[in-house]
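What follows is one structure encoded as structure tokens, with my remarks underneath.
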Amino acid sequence: MRPWTGSWRWIMLILFAWGTLLFYIGGHLVRDNDHPDHSSRELSKILAKLERLKQQNEDLRRMAESLRIPEGPIDQGPASGRIRALEEQLVKAKEQIENYKKQTRNGLGKDHEILRRRIENGAKELWFFLQSELKKLKNLEGNELQRHADEFLSDLGHHERSIMTDLYYLSQTDGAGDWREKEAKDLTELVQRRITYLQNPKDCSKAKKLVCNINKGCGYGCQLHHVVYCFMIAYGTQRTLILESHNWRYATGGWETVFRPVSETCTDRSGVYTGHWSGEIKDKNVQVVELPIVDSLHPRPPYLPLAVPEDLADRLVRVHGDPAVWWVSQFVKYLIRPQPWLEKEIEEATKKLGFKHPVIGVHVRRTDKVGTEAAFHPIEEYMVHVEEHFQLLARRMQVDKKRVYLATDDPSLLKEAKTKYPHYEFISDNSISWSAGLHNRYTENSLRGVILDIHFLSQADFLVCTFSSQVCRVAYEIMQTLHPDASANFHSLDDIYYFGGQNAHNQIAIYPHEPRTADEIPMEPGDIIGVAGNHWDGYSKGVNRKLGRTGLYPSYKVREKIETVKVPHVPEAEK
């Protein structure tokens with residue numbers, strides 16, 4: 001008998017045991033259906049564990065296949081190393097079995113159930129309060145009505161903050177916060193590996209390429225989003241992005257003088273065949289494809305926002321409140337890796353400004369946006385939401401000072417804000433405001449300023465701005481890369497989040513709605529609603545695609561429709 005035969009039987013025994021483990025867990029998942037009051041969060045964690053176990057089972061199978069060595073001793077060489085790896089996997093499996101047994105035996109933690117009941121009670125008490133106070137308002141007039149309405153809104157705010165605080169703590173109980181941290185980190189590392197692999201082909205002369213010119217006729221935030229759009233198409237079509245940035249309006253030396261190159265091995269656009277974008281299928285045999293701006297893109301591929309990769313969608317839905325934003329943020333993260341001089345600038349600015357937490361970021365865009373793409377918003381509109389969020393933060397952390405990082409292209413606003421709100425500490429660099437003016441916009445000093453503003457806005461605990469501004473949306477996107485889920489860490493005074501040139505943003509009705517006014521539209525569960533915007537008053541505006549009717553509908557009666565797309569990737573990128 002050959003020496004490897006015994007080892008092979010031993011390996012088969014391990015695989016059999018592993019399969020038994022998967023069957024055991026699967027059985028538990030089925031039996032858990034008899035207890036519908038189990039937390040959906042608990043089920044998500046178990047499913048995530050099962051997915052990891054399946055992956056490890058597949059790893060073991062591949063390792064076992066590789067151990068089919070026809071001859072030679074097994075106590076040395078590659079086979080020996082693989083067997084030791086199998087032993088380590090087995091130890092990990094035993095640990096996971098024990099952890100799972102403890103979890104299923106103990107059920108949900110005490111803190112989880114206490115918080116769940118507190119939230120349930122808080123919702124009931126809020127309803128009782130609303131009914132009572134609104135009945136009182138019916139019988140009041142004049143100054144008494146105004147006084148009672150003000151008290152009513154103040155008390156309502158306390159109720160809302162109480163429930164939101166309990167929800168925050170609930171999201172952290174029973175290891176959920178730790179799981180979310182790890183899952184977000186794992187997903188980010190996976191995507192960054194895939195991007196890095198695609199951007200660094202072994203042979204640039206043979207690589208399929210997509211060429212993108214940075215000089216779109218707009219500002220920094222718009223140009224960055226233009227490159228992100230190019231990058232997402234390159235990723236979806238499995239091409240290496242070639243970024244042409246020589247004579248960039250902001251820095252004539254090009255992108256690489258500010259940020260790290262998008263590729264270490266392939267920056268040359270040359271190839272056998274070159275052509276303009278004609279669609280993924282028609283361009284299949286074209287080595288180098290030039291991409292137009294998104295406004296002129298035809299045909300439109302499915303890789304545009306707000307789609308996310310099909311193979312990541314389930315994990316993203318569990319870990320993040322807005323998977324589409326998270327996916328966009330991964331390309332922003334890769335693109336804006338700073339050169340050493342910029343890193344130093346950011347560090348020095350952080351010390352000079354005294355930037356520290358807690359802090360809320362406020363971005364006020366004036367100049368060219370007002371009257372064209374956005375309405376004028378006084379500082380008071382922003383500060384209402386700043387104060388509300390500081391009151392919420394104070395329920396779970398020590399707020400020594402109410403700090404606000406103020407980014408604006410209006411140099412007079414800092415003085416106005418300090419005068420009107422003396423109890424706040426405003427952190428701002430007025431030289432950046434001056435450089436953001438139209439007459440100074442396309443300079444290296446202006447570029448430095450907008451990069452610093454975006455950096456500090458993204459670092460804030462909460463963001464108040466107008467999503468009609470590209471700078472604000474870039475800051476929000478970067479914020480997603482700094483936390484497991486920062487999807488709710490903002491308030492926009494105008495638009496909901498969008499990506500310029502995106503495909504349709506759809507929602508799905510989960511409750512029926514009968515219109516009460518001519519401005520509203522009817523809905524039935526399952527109807528697809530194309531959302532145009534949120535009015536931030538409990539209602540959104542959109543079109544019922546089944547009926548073709550446009551109007552208002554209650555925002556709580558819909559959920560986001562997650563669009564997925566198959567994106568190919570090579571196994572080598574997973575390593």
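Each Cβ is built from the backbone N, Cα and C atoms, and glycine gets one as well.
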Cysteine from Cys230, Cys266, Cys465 that Swiss-Prot links to Cys204 by a disulfide bond: Cys266
Which range of 40-46, 96-102, 236-242, 299-305 is motif 'SH3-binding', per Swiss-Prot: 299-305
The domain 'GT23' (206-493) [mean pLDDT, rounded to integer]: 94
In the chain carrying Ser278 (phosphoserine), residues 6 or more apart in sequence that have Cβ under 8 angstroms from it: Val286, Pro299
Residue counts (helix, strand, coil, in that order) that DSSP gives for the domain 'SH3' (502-563): 3 helix, 29 strand, 30 coil
Summary of DSSP states over the motif 'SH3-binding' (299-305), given as helix, strand and coil counts: 0 helix, 0 strand, 7 coil
